[in-house]
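TrEMBL lists these features:
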type: COMPBIAS; residues: 1120-1129; note: compositional bias 'Polar residues'
type: COMPBIAS; residues: 1141-1153; note: compositional bias 'Polar residues'
type: DOMAIN; residues: 64-125; note: domain 'Peroxin/Ferlin'
type: DOMAIN; residues: 137-170; note: domain 'Peroxin/Ferlin'
type: DOMAIN; residues: 811-872; note: domain 'Peroxin/Ferlin'
type: DOMAIN; residues: 883-909; note: domain 'Peroxin/Ferlin'
type: REGION; residues: 405-452; note: region 'Disordered'
type: REGION; residues: 1085-1153; note: region 'Disordered'
Amino acid sequence: MPNSVLWAVDLFGKVYTLSTAGQYWELCKDNRLEFKRVSAAMQCCWGIACDNQVYVYVCASDVPIRRREEAYENQRWNPVGGFCEKLLPSDRWQWSDVSGLQQRPLDGVALPSPHWEWESDWYVDENFGGEPTEKGGWTYAIDFPATYTRDKKWNSCVRRRRWIRYRRYKSRDTWAKIPSKDDPKQLPDPFNDLSVGGWEITDEPVGRLSVWAVSLQGKVWYREDVSHPNPEGSSWSLMDTPGEAVQISCGPHDLLWVTLWEGQALVREGINRNNPKGSSWSIVEPPTSENGIMHVSVGVGVVWAITKDRKVWFRRGVNSHNPCGTSWIEMVGDMMMVNVGLNDQVWGIGCEDRAMYFRQGVTQSELSGKTWKAIVASRESDRSHSGSSSSLLSAGCFFGDEVRGSGESCAPSDTDASLEAERLGPDQPVPAESVDGPRNPRDSLATGPGIGRTTEHAVEVTSLATPAPGPGLASTPAELPWTNIDLKEPKRAPSHSAAGFPETAGLSSLGLLPLGLEEPYGADDHSLWAWVSGGGCAVEAHSVLKWFTIQSGLSPSVQTLSLSITPAQTAAWRKQIFQQLTERTKRELENFRHYEQAVEQSVWVKTGALQWWCDWKPHKWVDVRVALEQFTGLDGARDSILFIYYVVHEEKKYLHVFLNEVTLLVPVLNETKHSFALYTPERTRQRWPVHLAAATEQDMNDWLALLNLSCCESRRVHGRPSPQAIWSVTCKGDIFVSEPSPDLEASEHMLPCDQMFWRQMGGHLRVVEASGRGVVWGIGYDHTAWVYTGGYGGGCFQGLASSTSNIYTQSDVKCVYIYENQRWNPVTGYSSRGLPTDRYMWSDASGLQECTKAGTKPPSLQWTWVSDWSVDFSVPGGTDQEGWQYASDFPHQTPGFCFLPLCRKCKLVTTGPWLEVAPITLGDVSIIPESPDANRSGHSIALWAVSDKGDVLCRLGVSELNPAGSSWLHVGTDQPFTSISIGACHQVWAVARDGSAFYRGSVSPTQPAGECTPPGGSPAVVSRDEGGNLWYRQGVTPSYPQGSSWEHVSNNVCRVSVGPLDQVWVIANKVQGSHGLSRGTVCHRTGVQPREPKGQGWDYGIGVSGASPCQVPGRRPSGLAQTLQSQDPRPQGEGGEDPSRSSCPAPSRVNSR
């Protein structure tokens, strides 16, 4: 989870931020202003100060915000003086904008506000269309509306040139006032509320925001042209409303709600990428007629509201197609306000205590959450005070006499004053020196800046201890009560004393003195909040936050208790406890070792109800009872048996599987079932696994974790994988690892691939790449790069099946695409009525499967939608303004018929031993496949990658101790690349987007990007073309590392990977077994020798039967490299063998260099 911040305003107008990775509130860097409310986005925050003016706070970044100003100088040719500044009356201005309609002299172009500064002076742009112009930058045309060229011709009657000047936004990390354009003839209309959102409506321009505001007169305003390059926007536009507005809330996408004085709510409809301001209003009635709506907050698909009786309400049925929702649901709690942030997470401020609360349990499947939990994070300033207090308290343990001596000379504390007042009685005056006298070091707390703001606020801080117990006081240490501040009537918290510890007298006046001098309330008082905004706070559903526990040191009672225990007493106490435990162990164990064990082995059984896929008629899911029996022998070895009890024709039968024979437990991609498959060597050869399904996702995860742990215990496989482990991922994104056996590459009695044991690791990836030195990288579906941390487990694997450290939150996002198809007819034009032979009017990319908006679900139940359906304008070939593409018929790409591509994003959040490598997103990655006994000689591990934009990158500083590396080195290319691979001899091969293969020479450990003589060695080079054919590069030698020609090896290959000893592994598309067909099968090339580099045959490993949804344990299933994916390089007439014995596709070509 990236670090993002929660913004809040306290009762005194100070703005604070709380990071998702932090545990303390930090005061805003620019704290000169006092604010009423704020509204935040990821990179900025808007606010209304106490002067009712709008301010924007733009967070600092390494990339400056720059805007280019342009002005055009226009001239016309005349026969006397040539080109000059004299123009015809019908011509444009001499200095104008690009259209020529607006006059724009250079000295008339001013900065829009004081928050900008000029980077340089005006200069002439001497480039035109990417090509240099003649000196002076002039471009010529027949007349001003005509087309300009950089060449002067005989009929060039006019010319112009562009002047450029850049301005930079300088007000970063500070509150910048938004310039007002009020009409001087009218009274000013200050703003009362504002809301920021709309960043998901469109990506153009970059960082575009919708800023809405409500004035004191009840009018709704919209800020035009707010984006990352223009953080202030340009002007305010008045929006017509059917009533007087009070408060407004704008969501990240297209939701906008407004509360009215009458208690109703307005909903803006028609908001889209072409019309971000919307088109019309709809009225929503309040939940009850007695109490209208006073506050509302919206997210992507949720609406929360507060009524005038402070009750919290949730709006049901809200989405982009129905922004008004359907009905109200009352929630628990009384709140002053609520705010919906990113991922529809909710924060609120309590009505009575003014504390801040976070809504726990908010997920895409349960948007209303489960419960409110108070945020008790302290402020940064309190931590420094707590540190000074705790250091003084700890010093008291060693210098007790000095502290006591100083305490005896100190004036009485607040508690002393209150006790004196009680003794004098309510009618007798309190002596001035007891409360207001300058001798009391607590006086400044009552007269400090926080209290001096208003006489209605009363703040009291109770001292840690008193010199002696008074009448009616408790004799045990007590926790400090939080001070309760009410705006209408000041209240005083009851005073408590900690009697029985005379050593601590006077410490309160020494340790807590700075608190009242610097803060409006003490460190032990909870902060009092007025407003909160979570628009820039990204909290995932399974994130672990540090906001709910006090991290600022010991509680007052524990601090007081620590003063009475000396280090000598602590050491003696520990020694005594250790001696007692030693004697107990000897008494309970040593004296009974000669007895024989009563039970030779222990048996443990777990039962449950699952569903089992019956592979014979009637071919359906059957309800079964399962029992896992685990027994432990005298030697401590554990083994398990899984029994499956089912009924066929009223006859009870069962299956049993020995878990020491299980080779794989894999979740199955299924839209309707929480299912998983169980493989043994025999069932792998048959392509006939055992399929089981659970009623809920939690039940499936529990069974998967338990069965995986039992399999690992039976095989005695524990801990993190070895550096030589073989890694793989499925098409579902699950990650598996297998420990290689020495018999795997043996020439005699070779271990078959179907006996390899695969265990699942936590996390979710699309690509995994490993080296022989334990460095593992992965790439998610959203192109985010991840590095392996050295842990194991995560996700559904908890407890003994997971490590306690190096497990982090991991998220992944993928897009689901559907297509709306239309056919043209002469009467109505394009319509959704097609021919009987046409594809579905709503289909997938192939047109063979019907896919509607309502019927299309995420890939599995673990994924949740995070956006609505939107038109994809970035498809290859381009679209029109509405997103349509046209073809003569559906299989062709020429005009005649049209289809509209739609995409929707879904998100998965899990945990695993992976850390994100920011900030560049990757499309492919390759790590050098070094063997374990290779001479490392202190060099870093070579790692090359291709970004999602096609740039070639080399990672520097990668090692076993620093697997993430330090920085990226860009390697220049003349075209974008798609795939890359580095071999064991530092030879880099890559494939461009057009299918051409490239070889990178002059690469060594000391020069990772080149510049030296190539080292020796001749690794095996294999490639896979777009048709699934596998090729071997002939003639690769140290003197000629490019090789000479391609030789066909096999076809029907999805992925390929080569190891440090030239081991070849592939993922075959289809493999036939005795009982079924499997897709995504791991295959090992056998017979690979120096004299037979292409090998002799295939050994088939794990794969998934076609009877269930496809699961592919593939994509570089080892610490291997040297992988290419290019066009088909096979000459005409060549053939080869096939792992599945299927036919070869048509050949094409490839270029190497």
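Glycine is treated like the rest: Cβ placed from N, Cα and C.
Remember, it's a predicted structure, so these values are computed and weren't measured experimentally.
Tell me what's around each of these sites.
Same-chain residues lying 6+ beyond the ends of the domain 'Peroxin/Ferlin' (137-170) with a Cβ under 8 Å from its Cβ atoms: 58, 64-77, 83, 91-92, 100, 106, 109, 111, 115-129, 131, 231.
Over the domain 'Peroxin/Ferlin' (883-909) the predicted model carries a mean pLDDT of 74.
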Per DSSP, what is the helix/strand/coil residue tally across the domain 'Peroxin/Ferlin' (64-125)?
3 helix, 24 strand, 35 coil
How do the residues of the domain 'Peroxin/Ferlin' (137-170) split into helix, strand and coil according to DSSP?
0 helix, 16 strand, 18 coil
